[in-house]
Amino acid sequence: MTSTIGNMTSTIGTMTSTIGTMTSTIENKRGNEKIKVRSLKSVSIIYVITPTYARLEQKAELTRLSHTLLHVPNIHWIVIEDSPEKTALVQNFLNRTRIHSTHLYVATPSEYKMKRTDPHWLKPRGVLQRNAALDWLRENTAPDDDGVVYFADDDNAYSLQIFEEMRHTTKVSIWPVGLAADLRYERPKVTNGKVTGWYTYRKPNRPFATDMAGFAIHLNLIHRHPEAKFSNTFGAGRQESTFLTFFNLTLDDLEPKANMCTQVLVWHTRTEKSKTPYEELMVKLYGADAYPNIEV
């Protein structure tokens, strides 16, 4: 019995030690949330560039994306509004997140702006906003900094695995994108570890027939090619390919990820546009003063 009590005491001591370690870890995580980006010096930072624009679904989609990014260590989220000024909604949202971020804004000229009723493919979106983020990177990072740049739209879905894979990019890494270009997926064709072409239906002869969510670039290439930008004059479906041609790449330079481009780890999802036909009727029924302006 004495032996049993001794074993129990030993077991309780081990459990106490384990609980103490767990408590220490939890306290450490809580205390270091905001300095996590600066503490992981051995891990390449990922600069996540997200254009966004005002719409009913905006906050919901930014919230969903932020919950993914909260699980990714050592990132810097650059959020750029299509707006002539910073909006309170996005500013307050970013202040509440625990993600190291930069908030920028630039308005798209009216002739290039999409109407809510336009089909999604009619005009490119996020062109000037992505360029503003590239300018910020060139002004606020050094050419020899170790980092990776990724364009993550706020309405897509992302596996955590893709962030860990892109972190090891040396030039340009590339992978499949699900639900893209009216296909189940589009992807690079890979033979013996090298990209040899593109599995896509639309404009398959583009030099780099990939989706915006399907590649990442090392930061030093952004510095070495200051002319590399997007443009509203690029044809539909050619934003990505034309942008990548600025870097003087060949297919041999591309680094296939996602198990040699055989796995889908990113999905080009689109949120259904919300319809609110009863909003005006509610104001008529209850009056504007009785209808609170709640942020959605």
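Glycine too: its Cβ is placed from the backbone N, Cα and C atoms.
For reference, TrEMBL has these:
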type	residues	note
BINDING	Pro51, Thr52, Tyr53, Asp82, Arg125, Arg130, Asp153, Asp154, Asp155, His268, Thr269, Arg270	UDP-alpha-D-glucuronate binding site
BINDING	Asp155	Mn(2+) binding site
SITE	Glu186	site 'Interaction with galactose moiety of substrate glycoprotein'
ACT_SITE	Glu240	active site, proton donor/acceptor
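Feature map: TrEMBL annotations on the structure.
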residue	record	Cβ within 10 Å
Pro51	UDP-alpha-D-glucuronate binding site	26
Tyr53	UDP-alpha-D-glucuronate binding site	19
Arg125	UDP-alpha-D-glucuronate binding site	21
Asp153	UDP-alpha-D-glucuronate binding site	21
Asp155	UDP-alpha-D-glucuronate binding site	19
Glu186	site 'Interaction with galactose moiety of substrate glycoprotein'	24
Glu240	active site, proton donor/acceptor	20
Thr269	UDP-alpha-D-glucuronate binding site	16
Maximal Cα-Cα distance (Å) across residues annotated as binding UDP-alpha-D-glucuronate, namely Pro51, Thr52, Tyr53, Asp82, Arg125, Arg130, Asp153, Asp154, Asp155, His268, Thr269, Arg270: 20
Asp153 (UDP-alpha-D-glucuronate binding site) and Glu186 (site 'Interaction with galactose moiety of substrate glycoprotein'), Cα-Cα, nearest whole angstrom: 17
Pairwise Cα distance for Thr269 (UDP-alpha-D-glucuronate binding site)/Glu240 (active site, proton donor/acceptor) [Å, integer]: 18
Inter-residue Cα distance where the pair is the residue listed as 'active site, proton donor/acceptor' and Arg125 (UDP-alpha-D-glucuronate binding site), in Å: 12
Glu240 (active site, proton donor/acceptor) and Pro51 (UDP-alpha-D-glucuronate binding site), Cα-Cα, nearest whole angstrom: 15
